[in-house]
């Protein structure tokens, strides 16, 4: 039941019941405030619902300054409900008491006042809305705007079609450019092929002229007496003998151009001996003199440098033997221990003992670090030296090599050559301690800035004097000492990342040589030396 205080008086109900039953009426008495609860009954739900509706509306009613149509319609609904209740009450047998009517009237007045406030706020809102400017299009203006938009759409579609057409044209032009580029590459290759042929012919003519001069020098004794290893480097723009980047036989570690070395001045130098001219390397003549013969380079990676400079896709071999003597091992207290047999040649001798031209070298591996610091490493017979200096071990190994040459080489068939020590140019350290030669772009010109003659080569001079068989000594130490600009430095590979570049700067190659480069001169001197000796097919 709805908990409403709009009630009917119980006294009137009792009197009506007594009149119908014939009982005498009770004596009238006054109703006190404390007896209010016994004098009234609860109104039916229709009457009480108006108070609940009023409470709900009062809770949800907006402020007078905020006009809303929802509050207005809610208030009208409450008034309609109140009138319905009032109409219903006039039809009941027992009308509301005066107190109830007063309470109901007050509530209705309050609701009516709120309704009037809402109406005023609503009218003010409508007035403000009507006063605001509005850009309302007329039908004619709307049609004009529509036509304008449609025209813009047509222009946009036309622009898209034009762009697609231009894209098709650009694609066709790109294909045409690609075809032209391919044709250009073909022409470039043909040009370089013809240029190389022309240069080859020019070199051949120059070689013929040099041979004529050489024959004259030999007859006069000037070339035979000339020290071709004593001279200087001079600028020669006709160098190199082959186009940079064109030789497929060059190891990637030595192809500085392919590895993006930015300068190419290091290839434009010629070795000029004092007092004579050396003949240019005639590749055709070189190969013709080697027809049916075998040329072998034996030694470390510096001899590989020289071998690649001379490699013409023919039988020219390289045998890796950095010490020339045998690397071995013995069983000790702590297991197998590596040693270097100073008294035995390397096992690779069977690969080259019958060669017609043998080019040996050794030196760069004879260092304190690469020979276990000389501790329990060098062996002769069954004896392992507890400690031996590198130079002493080097001299013993050279003596073993010299003895093998004297005992196993037929000088009537084989010409033995020993290439001297190639000077390095590490600054601020060695190959394993941060030594650098990067950004060196020209040779040393002042001979006072050269290093001392290598101690290893002084030792070799002594060994060479004791040999029985003749050996051509390519003494290239001094001429390489000038060429601090010719090393790969950081250009041993093409670096893909910043990390690789940083690592390359920390570990530079200042011992090997770029190709084309200095080793080409070694082979020119090899060619000149063989002609100078003039044995067998090398007679002029």
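A Cβ is built for glycine as well, from the same backbone N, Cα and C atoms used for every other residue.
Automated prediction, rather than curation, is the source of TrEMBL annotations.
For 1-32, the entry in TrEMBL reads region 'Disordered'.
According to TrEMBL, the domain 'Atg6/beclin coiled-coil' annotation covers 95-215. Remark: secondary structure over the domain 'Atg6/beclin coiled-coil' (95-215) totals 111 helix, 0 strand, 10 coil, with classes taken from DSSP.
According to TrEMBL, the coiled coil annotation covers 142-190. When pLDDT values are averaged over the coiled coil (142-190), the model yields 91.
Taken from TrEMBL, the feature domain 'Trichome birefringence-like N-terminal' applies to 224-277.
Per TrEMBL, domain 'Trichome birefringence-like C-terminal' is recorded for 278-310 (among others). Remote same-chain residues near the domain 'Trichome birefringence-like C-terminal' (278-310) are listed as 200, 203-204, 206-207, 210-211, 214, 228, 241, 249-251, 254, 271, 316-322, 324, 348, 351-352, 354-365, 419, 422, 511-513, 515-516, 519-520, 522-528, 530-531, 537-538 (criterion: CB distance under 8 Å, separation of at least six residues from the stretch ends).
Summarising the annotation, TrEMBL assigns domain 'Trichome birefringence-like C-terminal' to 311-528 (among others).
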Fill in: the domain 'Trichome birefringence-like C-terminal' (278-310): DSSP-derived helix, strand, coil residue counts
17 helix, 5 strand, 11 coil
Worksheet item: Do you know the DSSP helix, strand and coil residue counts for the domain 'Trichome birefringence-like N-terminal' (224-277)?
Response: 5 helix, 10 strand, 39 coil
